[in-house]
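Positions annotated as compositional bias 'Low complexity' by TrEMBL: 1-21. Annotation source TrEMBL lists domain 'ABC transmembrane type-1' at 108-325. Look at TrEMBL and you will find 1-37 tagged as region 'Disordered'. Positions annotated as transmembrane segment by TrEMBL: 49-73, 104-133, 145-171, 177-196, 228-249, 307-329.
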């Protein structure tokens with residue numbers, strides 16, 4: 001035997017056997033094999049527990065809302081429906097004591113005028129601020145400062161906003177000036193932060209691909225914002241503005257000393273005091289029971305009835321405004337192609 005063959009035989013003898021030392025491979029799991037029944041039971045139990053917990057939380061969250069609606073309808077519906085449409089078509093002019101008369105027409109007019117004015121002031125400012133923060137001010141110090149002040153304004157008490165508006169018009173017009181426009185400015189101070197935050201979130205949800213595609217076609221940036229970004233986020237922007245309106249339409253404190261309180265109708269927001277539904281409800285409820293004497297018609301709890309009816313009318317008004325806003329948002333939103 002040659003030395004080469006002897007070396008091969010010795011090396012083959014010293015080499016470990018791969019078949020004997022190799023670890024056995026783990027059997028591959030069949031993806032179509034049935035799962036462990038115990039695992040399925042645990043998953044089902046966890047799923048049922050989660051469903052029960054979420055359902056309980058939902059019920060707990062709905063209880064205050066349902067109870068509020070029920071109390072308002074049960075206490076205010078009688079007066080509102082009994083004298084409908086008289087109750088919403090007359091004011092409190094000439095009404096006193098426990099007279100079974102008077103209505104909320106002047107308060108409805110005041111609420112609509114002041115709310116519309118506050119929206120006309122707040123919506124453009126808030127929307128343009130959100131556009132700047134989203135489209136132009138990314139990473140700039142000015143944007144950080146604006147966001148800081150927006151966050152601060154979000155927590156400003158409503159009475160402070162009323163004092164600000166009253167002081168501003170005392171300097172610009174005259175001390176003690178009370179009118180619907182003063183109340184609208186006070187409410188706009190409360191409304192602007194909500195509009196800015198809501199519109200900013202809606203603009204951030206617009207995909208960047210839409211902006212890039214429009215810019216790649218040579219469209220100016222301002223036109224991209226107007227035609228693409230704002231139209232795409234129109235529904236969310238409308239919802240944000242409606243949330244801001246719902247935030248301020250029930251305010252009472254800033255309007256007590258800015259818009260005032262009257263018993264007659266006033267259509268001019270720049271001259272004379274105006275009454276809103278929240279202020280009307282507060283005024284009626286604070287007057288309490290009426291001492292009835294004599295033989296004339298007198299309803300002892302007429303003030304409470306008017307207050308609850310005004311609260312119910314305010315809820316209905318907010319619902320109607322939300323429905324109108326939804327219809328408008330659907331009309332202006334971009335339509336998808338089939």
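Quick reminder: no glycine exception, Cβ is built from N, Cα and C everywhere.
Fewer than three CB pairs closer than 8 A are found between the transmembrane segment (307-329) and the transmembrane segment (145-171), and contact between the two stretches is not assigned (pairs 6 or more residues apart). Stretch with the most C-beta contacts under 8 angstroms to the transmembrane segment (104-133), considering only 49-73, 145-171, 228-249: 228-249. Within the same chain, residues 111, 115, 118-119, 122-123, 126-127, 131, 135, 187, 190-191, 194-195, 197-199, 201-203, 205-206, 210-211, 214, 278, 314, 317-318, 321-322, 325-326, 328-330, 332-334 sit at least 6 positions outside the transmembrane segment (228-249) and bring their C-beta atoms closer than 8 Å to a C-beta of that stretch.
Tertiary neighbourhood of the transmembrane segment (145-171): same-chain residues 129, 132-133, 137, 177, 179, 181-183, 185-187, 189-190, 192-194, 196-197, 251, 253-258, selected by CB-CB distance under 8 Å and a gap of 6+ residues from either end. For the transmembrane segment (49-73), the list of distant contacts is 308, 311-312, 315: same-chain residues at least six beyond its ends, Cβ to Cβ under 8 Å.
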